[in-house]
Structures are given as C-alpha cells and as structure tokens.
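As recorded in Swiss-Prot, the features of this protein are as follows:
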type	residues	note
SIGNAL	1-17	signal peptide
DISULFID	CYS43-CYS57	disulfide bond
DISULFID	CYS50-CYS61	disulfide bond
DISULFID	CYS56-CYS66	disulfide bond
Amino acid sequence: VIIIAVLFLTACQLIATASYARSERKHPDLRLSSRNSKLSKRCLGSREQCVRDTSCCSMSCTNNICF
C-alpha cells in the first residue's frame with residue numbers, strides 16, 4: 001500500500017511539473033514580467049522618506065527617514 005501511495009504522489013508531482021513548464025512556454029511574457037517586477041524593487045537610501053524599516057536599505061526607519 002505504501003509503494004502505491006509513493007508512486008501516486010510521484011506521478012502527481014511529475015504531472016504538475018510538466019503542466020507548469022508547458023504554461024511557461026505558452027505565456028513567456030508573464031514569466032518576463034514577473035522577473036522584471038522582482039528586479040525593479042529597490043530599497044530606499046539614506047535620508048529618504050520611509051514608512052517602515054523594511055523599505056530602507058539599512059533596515060532602519062526613524063521618524064519616517066531612512067538612516
């Protein structure tokens with residue numbers, strides 16, 4: 001029974017992987033736009049206005065100014 005379950009799960013994983021690869025080939029523009037959106041995110045430099053620590057390169061936002 002365990003062997004059958006392992007084979008079933010392996011087959012499901014292979015099917016999902018093949019489906020994802022096929023989807024990437026059909027819609028390459030979506031893949032590029034998601035890659036570009038990741039590359040375009042940047043952190044705020046010193047003395048720029050911020051709202052939270054994670055937006056600053058230094059991870060320090062005090063009184064809405066990056067330090």
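Glycine too: its Cβ is placed from the backbone N, Cα and C atoms.
Structural mapping of features recorded in Swiss-Prot.
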residue	record	DSSP class
CYS43	disulfide bond	coil
CYS50	disulfide bond	coil
CYS56	disulfide bond	strand
CYS61	disulfide bond	strand
CYS66	disulfide bond	strand
What is the interatomic distance between the Cα atoms of CYS57 (disulfide bond) and CYS50 (disulfide bond), given in whole Å?
11
C-alpha of CYS56 (disulfide bond) to C-alpha of CYS43 (disulfide bond): distance in Å?
5
Between CYS43 (disulfide bond) and CYS50 (disulfide bond), how far is it from one CA atom to the other, in Å?
10
Expressed to the nearest Å, what is the distance separating CYS66 (disulfide bond) and CYS50 (disulfide bond) at their Cα atoms?
6
Judged by the number of other CB atoms within 10 angstroms, which among CYS50, CYS56, CYS57, CYS61, CYS66 is the least packed of the disulfide-bonded residues?
CYS57
